[in-house]
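Report on the following structure.
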C-alpha cells in the first residue's frame, strides 16, 4: 500500500489586504483585456482574456460549425489559432477522413497553422513549435492543456464554445482559480521519474486538495528536474483535479530552449529564435512571485523519500509502490508507451534501457509471451530522434508493436484496446474504467521504465527485477500540508479594507438576492442536475426542462424550489459530462445564481457561457452544515437564510429570516468585471460573440 508521513498545519491571510501577485496572477494580468485602470487581478476575479494561442484537435470541426453557426465568417487573429489532428488518426473511414479534410480546408481558407495526422499529438506540437512559450497563456479545447505549465506557460483547458469565441473575437473569459503551491524538495533517487512524482502526488493528496486550483511548483529540486519530467507532471495535474500546473522559468528551462534552437538549425523560427530567448532571459530576472503573494494552500513532498509508484486499478487516487504490487504477482496482458504524458525521447530511451540495458541488440529482453506492448512517439520528430538514437530499434527488437504518433489507445481509439478481463499497464495519464477499452478491464499507470519492466516479466514489476539491480530503499514518503483558510475575523476585516467599486454595466443588476435552498451533497453531477435521457432531445421545451431539473438528485426539488431562489450545494457541484443543459435547466427553473463550495470546471464554464451566475463560498457550506447537523436528512431544504451579492462591492452578506435579518456571514468574493457582465447581459457567450461581429 501507499505509505506516507503527512503533517498538516495552517496559517491565515486575507485576500483583501494583499497587494502582491503569484506567478499565475501575473501571467493572467498580462493576458487580461479591458481591465479598469489600476486593476490588479487576483484569485476569484472574472476576467476577459486574450490568450497567446488556442489549439484544437479532432474537435476543430465541431468548433468550426459552432463558429459558423454564430454567423462568424472571419478568424479574428489567424496567428493565434492552431489546429492539429491526433486523436483518431488510425480511423481511415470515409466519415473520419471527410472530417479531417474539412478541418484542413477550413485552416487553409482562414490561414491557420495546421498540422496533419501523423505529425504528432497536438500538445507536443505546441511545445516543439513554440506556441506554448514561457510566461504566456495558452489554451486548448482539451483537458490536458495543463501540459504547457511544464514550460512555464499558463496552460488551461477551455470548452468548444470558448474556442469558437476566440476564433471569432480573439478572446474568452476565465475566473482565476485559487492557487496552490506545491514544493518539491530533496533530490530524486536515481531512476525515479516525473511520472513517479505525479502518480505519488495523486495518490498521497487524494482528497481533492487541489481540485479546481491552479498549481505553482516550487522547491530546491527544480533545477535538477529535466523539462520532460516537468511536462509529465504538469500533464497529469489534470488528473489530480487542477486547472493548471505551472513550473517557473529557470536556467534549466532557458538552456532547454537554447538546445531546442540549436536543434531547429535556424534563427528564423517565428517563435523560437535568438530574440525570443534573449527576451525570456530578461523576463526570468524578474521575481517569480511577489513576496506578499497569496496561496490558498501549500503542499510539500520530499522527493528523496520517493520510489517507483503505480496508480490503479482504474483510479489515479489509488497509488502503491511497484515493490508492493510486484509481490502481488499481478499478471498483465497489455502494456502501453504512448500519449502526451510519456512518449518523449527520454521516455522512449528509459524503456529501451530496460529492454536492452547493454546496448547489444543480440541481448534484448523480449516482451513476455502473451503480452502486447504498444509504443508510439508523441510526435514524428521524436520518432525520428528515437530511430537515430537507437531507442526505437531496441523497442521493436524486444517485440513492441509500433503505432503512429497520436493519442490512440490512451483515448480508447484504434488498435490494442483492453478487452474484457484483461489487465493493462500504461505510461498514459488516465486509467478510468473503460477509458482504454472494456469497462471490464483493469488499467494501471506507471513510468516508462516500470511499464517496460512489466512487459518483459509479464506482471507488474520494477526495473530492478529485470536489470538485477538493487531496489530503491523505501520507508515511506514524507509530505506536509499547510492550509491557508480565511478566518471569520479576517472576513469581517475585509469590509473595512479600502474599497474599489466594480463598475456596473447598464442593464446589469448591481445586486442579486434570494432565499438559500440547500441541496446538501457533494459531487452532484450533471446527470443529477439534468437527466441524461433528455440530453440528446433537442426539442425539450423550457417548461419541461424546469420540471425535470434536479429530478435525478431529488424528485421534490421541483416543488420546493421557486423562481428567484438561490440554490446552494456542497463541493464539486456539476461534475461529470459537458452537457450544457445542466446550466440551462437551472435557468429554466428560474434560478439565476448557484452557490457552492466548489464547481466542476466544465459546469462552471458552461454556466457563464449560458448566463448562469455562480459563486464559490466554502465558509457558507460549512455554516449551513453546522446548522443542520443532527437534523433529519432532507435532500432539498429551504433554509430561511437569505443571501445578497453586492456586485459593485464584490461582497456577499448572508442573513437570517429576511434580507434585513441578523448577519450570519459577510465575505468578499471575486470581482465580476464589465466584460463578464456584458456576456451575461447578452444571454451568454454566444450572444456576446454575435454582438461583436
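Every residue gets a Cβ built from N, Cα and C, even glycine.
Straight from Swiss-Prot, the features:
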type    : residues      : note
BINDING : 340, 407, 410 : [4Fe-4S] cluster binding site
TRANSIT : 1-20          : transit peptide
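Note: the [4Fe-4S] cluster site is recorded as 340, 407, 410; in the same chain, 86, 87, 121, 144, 338, 339, 341, 406, 408, 411, 428, 429 also have Cβ atoms within 8 Å of that site's Cβ centroid. For the binding-site residues given as 340, 407, 410, the lowest number of other CB atoms within 10 Å of the residue's CB is seen at 410.
According to its DSSP assignment, residue 410 ([4Fe-4S] cluster binding site) is helical. Look at residue 340 ([4Fe-4S] cluster binding site): DSSP puts it in coil.
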